[in-house]
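Undergrad: One structure follows; several queries about it will come next.
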Amino acid sequence: KMSSGAADLRQRKKQNCTESDKMAPEERNKENSKLGRSPKYMLIQRFAKLFFGCLAAITSGMMYAVYLSTYHERKFWFSSRQELEREITFQGDSAIYYSFYKELLKAPSFERGVYELTHNNRTVSLKTINAVQQMTLYPELIASVLYQASGSEEVIEPVYFYIGIVFGLQGIYVTALFVTSWVMSGTWLAGMLTVAWFIINRTDTTRIDYSIPSRENWALPYFACQVAALTGYLKKNLNCSAEKFCYLLVNASTYTFIMMWEYSHYLLFVQAVSLFLLDSFALAQTEKVHEVYRIYLFSLIVGYLLQFENSALLVSPLLSLVVALMLSKSLQMNMKKSTFVSRLLKIMYTYLVLTVAVTLNFLLKMFVPHKENEHLLKFIEVKLGLNTTKNFTMNWLLCQESLQAPSQDFFLRLTQSSLLPFYILVLIICLFSVTQVIFRRICGEPLKETVKLEDGRIGERPEIVYHVIHTILLGCLAMCLEGMKYLWTPYVCMLAAFGVCSPELWMTLFKWLRLKAVHPILLALILSMAVPTIIGFSLWKEFFPRIMTELTELQEFYDPDTVELMTWIKRQAPVAAVFAGSPQLMGVIKLCTGWTVSSLPLYNDDDLLKRNENIYQIYSKRSAEDIYKILTSYKANFLVIEDSICNEVGPVRGCRIKDLLDIANGHVVCEEGDNYAYSKYGRFCHEIKMNYSPYVNYFTRVYWNRSYFVYRINTVISFQS
């Protein structure tokens with residue numbers, strides 16, 4: 001029965017597709033004859049609109065990429081720097097990603113380079129890692145192949161090629177947002193406004209300024225393309241060729257997105273929940289929604305196989321939800337009639353999906369061997385106030401700005417650019433309209449096949465409902481974690497721009513207000529042009545001079561102490577030496593020198609997290625012997641003390657590295673509401689600089705400058721005082 005039901009669905013889908021293809025030209029011809037326009041004239045008009053819209057979208061993306069490149073050059077003086085000084089601009093995890101790109105280019109062949117990355121034992125001491133799987137190095141693999149295959153070695157330096165690809169992807173990101181807003185509103189004026197808001201609010205829409213090689217900068221452009229294609233795919237009365245194109249683009253971009261970012265399946269899970277709610281309210285074609293579920297399933301399976309059997313994808317909530325939805329599909333087929341029984345079945349269906357998804361996820365985690373980040377689950381418990389901890393890693397994560405609630409400055413910036421007020425207005429109108437549509441569906445009223453402008457029912461368009469649900473879910477996450485704003489704010493720009501440029505939205509509002517004095521359709525058309533034009537001119541007047549000042553103003557990034565440290569390591573340290581220090585500095589040392597390090601600034605591996613906590617003990621109040629045992633257990637030969645961490649004066653007391661270590665080690669005493677650090681040993685990073693026993697017995701200072709102190713870890717311990 002299920003196979004015959006599926007065949008019927010496919011047959012209906014083909015019939016609908018052919019019918020829409022036949023009906024669309026007939027309807028257009030009728031309208032054209034009424035308006036006195038020939039089909040040839042309309043074809044030319046549509047082609048001109050499409051051509052200039054695509055030209056505007058591509059130009060916007062290219063100009064944004066050029067803007068990023070120019071801003072980066074002004075900020076770092078990249079062209080006038082030596083290679084070492086350029087590499088120092090890559091900080092933390094960015095340094096690690098770029099270092100593997102360098103290693104691939106230095107390898108005698110691409111195959112040999114990939115093998116060395118998948119069996120890497122020269123990055124972290126006493127640890128062989130599959131760097132491609134653990135650090136999701138597929139962007140670096142692609143970049144190195146393109147660099148060598150295109151013959152760019154004689155034309156452009158590797159670093160310019162690498163950052164050029166990332167900036168190009170950001171241009172695609174902006175173009176995809178432009179197209180999404182254009183598809184939703186019907187005018188590319190919405191796309192222009194989306195791009196303007198995106199660039200003006202760049203501080204809150206992207207982290208490209210701070211971390212060029214980060215995985216999200218490689219992955220989110222593909223997600224934006226997927227959202228643009230999904231928006232078109234969900235539209236009603238779409239002709240077959242456009243539907244097939246959107247379907248293929250959703251397929252390709254979903255798979256690429258999963259391959260580019262280890263956390264991609266969580267964002268796709270949020271999207272799947274949005275589609276589930278859209279389908280549960282019967283506001284979209286069920287066949288289309290389930291086709292997207294199949295795309296998720298296919299991408300997860302292929303991703304699992306090509307990511308060296310990445311078990312994180314098998315235990316992901318996305319897979320459990322998709323499988324539960326597909327298993328429950330047969331029950332949903334009986335719920336299309338608007339009867340009391342069908343409403344009860346709808347509630348049962350939702351309950352069944354959630355129950356099966358949770359149960360399946362629990363069973364998968366029980367039987368599938370996986371290294372899921374347990375610290376993330378513990379972090380969520382502590383963040384929600386369900387638990388307390390003294391653990392260094394947990395408290396360090398809680399202190400990160402990106403994992404705290406957004407500040408008032410964030411909302412103030414969005415308000416000053418007029419983005420937040422218009423977004424709230426558009427969201428309220430769409431939300432009320434969607435609520436009306438859901439209420440009509442509950443009362444048994446069917447959806448209209450085609451929604452006309454005079455109907456004022458913007459909530460009946462499935463692509464609009466999807467975006468409303470999606471932006472609300474992302475907004476809820478952004479209200480909890482500031483780092484999530486980089487996922488939410490770009491779609492705030494897109495939705496707000498679509499709304500103010502959409503005659504349907506204004507018409508929906510006027511239907512509620514029951515305007516009589518002015519013709520509502522005429523007023524809606526006027527406002528959909530006038531409001532974005534006024535917003536555009538005001539943004540141009542206020543923010544364009546600031547953007548031009550950014551591009552003309554010469555900034556200076558110069559870190560002579562770090563340059564001196566890297567130069568000393570390359571000249572004086574043995575090739576087989578292992579360095580220990582803060583994970584952020586170890587990433588830079590690995591990139592600039594190639595030497596092995598004891599820890600890395602990566603937070604997706606429990607062993608590396610434990611290493612980071614142990615190495616950070618150099619800033620705690622522990623004995624020289626304890627620190628010596630920790631460092632030698634990782635075969636470290638040199639220790640680097642950073643003065644900025646040792647003498648840190650943080651804005652938030654209790655969030656400094658040394659404060660967190662004192663809490664974790666039990667070196668904090670509470671008296672009358674105040675916290676005091678207490679230990680029979682002084683702080684190691686201070687005491688070691690005094691050059692007295694027992695510190696000189698274990699460590700010998702070999703280099704220092706204003707910011708760094710380097711000590712050789714003695715292999716033979718002298719106990720002479």
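The backbone N, Cα and C atoms fix where each Cβ goes, glycine too.
Okay, so TrEMBL annotates it like this:
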type	residues	note
REGION	1-34	region 'Disordered'
COMPBIAS	19-34	compositional bias 'Basic and acidic residues'
TRANSMEM	50-71	transmembrane segment
TRANSMEM	182-200	transmembrane segment
TRANSMEM	266-284	transmembrane segment
TRANSMEM	296-327	transmembrane segment
TRANSMEM	348-368	transmembrane segment
TRANSMEM	420-443	transmembrane segment
TRANSMEM	487-509	transmembrane segment
TRANSMEM	521-540	transmembrane segment
Undergrad: Given a Cβ distance threshold of under 8 angstroms, which distant residues of the chain, six or more beyond its ends, lie next to the transmembrane segment (266-284)?
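TA: Answer is 223, 227, 230, 234, 254, 257-258, 290, 292-293, 296, 316-318, 321-322, 325, 332, 335-336, 346, 349-350, 353, 434, 437-438, 441, 447, 460, 462, 465-466, 469-470, 473-474, 477, 487.
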Undergrad: Considering only Cβ pairs within less than 8 angstroms, which of the stretches 50-71, 182-200, 348-368, 420-443 has the most against the transmembrane segment (296-327)?
TA: 348-368
Undergrad: Taking the transmembrane segment (182-200) as the first stretch and the transmembrane segment (348-368) as the second, find out whether 3 or more Cβ pairs fall under 8 Å, excluding pairs closer than 6 in sequence.
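TA: Per Cβ check, the transmembrane segment (182-200) does not touch the transmembrane segment (348-368).
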Undergrad: Same-chain Cβ contacts of the transmembrane segment (348-368) under 8 Å, 6 or more residues past its ends?
TA: 276, 280, 311, 314-315, 317, 319-321, 323-325, 327-328, 331-332, 335
